[in-house]
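One structure is given below, encoded as structure tokens.
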Amino acid sequence: MSTAVLNKHLADAHEVGHDHDHAHDSGGNTVFGFWLYLMTDCVLFASVFATYAVLVHHTAGGPSGKDIFELPYVLVETAILLVSSCTYGLAMLSAHKGAKGQAIAWLGVTFLLGAAFIGMEINEFHHLIAEGFGPSRSAFLSSFFTLVGMHGLHVSAGLLWMLVLMAQIWTRGLTAQNNTRMMCLSLFWHFLDIVWICVFTVVYLMGAL
């Protein structure tokens, strides 16, 4: 009788260990797959950057970057996005500690910062269009709106993903699946920060000089 019980416990332990290994492998595959997606996104952004570089001087008699860019405004945008990257890092640290409430709180702060960034970007676009400097004004402005707008759409998608993730953590806790999702969103969010630094340098900083 005792041998049968012992064998049952060993079998159960083996099954639990197998399930844990399977979950670990599944999470690793998900993160690897997301890295592949980010590489395709790199190609996409590189193509749009190249297009902008070709068209930057095609102003068709309209304004150049030096005429329309407001560096102090864009610096505030940049600072907000960079701080949001730090707050997301704090959310990850909280998740590693198993602090569900702290993780959700830091994700909420990150969401608010990201929303503020998008709000400022929309305000910038509205101001330019109201001044008659919309995307149809010149090839330069068309490429500018495409590049900056595409980054903004990615940030908006990240914000939507963040809302869904906060709801999942709130209802299910910091499960292995949710931790994997947090890792993937972390890669995405930091990737967008790096892209924005490139946008700020190539488009705004070089354009304003």
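Every residue gets a Cβ built from N, Cα and C, even glycine.
These come from Swiss-Prot:
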- 1-29: topological domain 'Cytoplasmic' (TOPO_DOM)
- 51-72: topological domain 'Periplasmic' (TOPO_DOM)
- 94-102: topological domain 'Cytoplasmic' (TOPO_DOM)
- 124-143: topological domain 'Periplasmic' (TOPO_DOM)
- 165-186: topological domain 'Cytoplasmic' (TOPO_DOM)
- 30-50: transmembrane segment (TRANSMEM)
- 73-93: transmembrane segment (TRANSMEM)
- 103-123: transmembrane segment (TRANSMEM)
- 144-164: transmembrane segment (TRANSMEM)
- 187-207: transmembrane segment (TRANSMEM)
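Residues of the topological domain 'Cytoplasmic' (165-186) grouped by DSSP class, helix first, strand second and coil last, total 19 helix, 0 strand, 3 coil. Same-chain residues lying 6 or more positions outside the topological domain 'Periplasmic' (124-143) and placing a CB less than 8 Å from one of its CB atoms are 48, 51-52, 54-65, 68, 73-74, 149. Residues 169-170, 173-174, 179, 182 of the same chain sit 6 or more residues outside the topological domain 'Cytoplasmic' (94-102) yet have a Cβ under 8 Å from a Cβ within it. For the transmembrane segment (30-50), the list of distant contacts is 143, 146-147, 150-151, 154, 180, 183-184, 187-188, 191, 195, 198, 202: same-chain residues at least six beyond its ends, Cβ to Cβ under 8 Å. Non-local neighbours of the topological domain 'Cytoplasmic' (165-186) in the same chain are 23-24, 26-27, 30-31, 34, 88-89, 91-92, 95, 98, 100, 103-104, 107-108, 111, 158; each lies 6+ residues outside the stretch with a CB under 8 Å from one of its CB atoms. Long-range Cβ contacts of the topological domain 'Periplasmic' (51-72) within its own chain (Cβ-Cβ under 8 Å, at least 6 residues beyond either end) map to 128, 131, 133, 137-144, 146-147, 202-209.
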